[in-house]
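Engineer: So that we are looking at the same thing, I have put the structure below in structure tokens.
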């Protein structure tokens, strides 16, 4: 009998103890489970397969995007999201019919909102598309800046940040979104600076300087914007 299976007699007369063979199992390797990388999708509010959304919000600040989302929900609108200027341009090029109004932050990574607007206008001119409504998002709205955004980059108007329900509601009312990116008839082609019709062009005195537009509570810190999100 092998050593591993032999019996040992207890001198006190107790039952013999049988030694069990020692079997050493190889260590079990714990499976390695790694969380898959989280990919940031530029389209979170809606899919391009959905024909309803006509709005694109290009904004790299997550707090501001959350605020805009809450406000769009308030007005029962859906929108797509872009997190930099390049994403905004590519999303417009691939689905122009889904981006009839573009709210464009003027300062974004990869490509500024101003340059993104300029590329969108060039694309529309090249393909003969009806121009989308491009709105500059800026915390500082002055007459000279608004004029420059319109003349040099083809934007339609400016929306002051932080965006309030009143400001967004007025924008949606004054700039209704209709139809898709249809090809313009030859007689409808307008110069870049003539995007607005006569009724839409505001008198010079109507564009207020920054000091006239803001009241004491207009400029909010990021913490105030978060509080506003909770209240919407």
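Every residue number used here counts from 1 along the chain in the order it is shown.
Glycine residues also receive a Cβ, built from the backbone N, Cα and C atoms like all the rest.
Note: TrEMBL annotation is automatic and uncurated.
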Engineer: In TrEMBL, one of 150-184, 185-219 is tagged region 'Disordered'. Which stretch would that be?
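Structural biologist: Checking TrEMBL against the ranges 150-184, 185-219, the region 'Disordered' one is 185-219.
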Engineer: Could you tell me the mean pLDDT over the domain 'Response regulatory' (54-176), as a whole number?
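Structural biologist: That region's mean pLDDT is 95.
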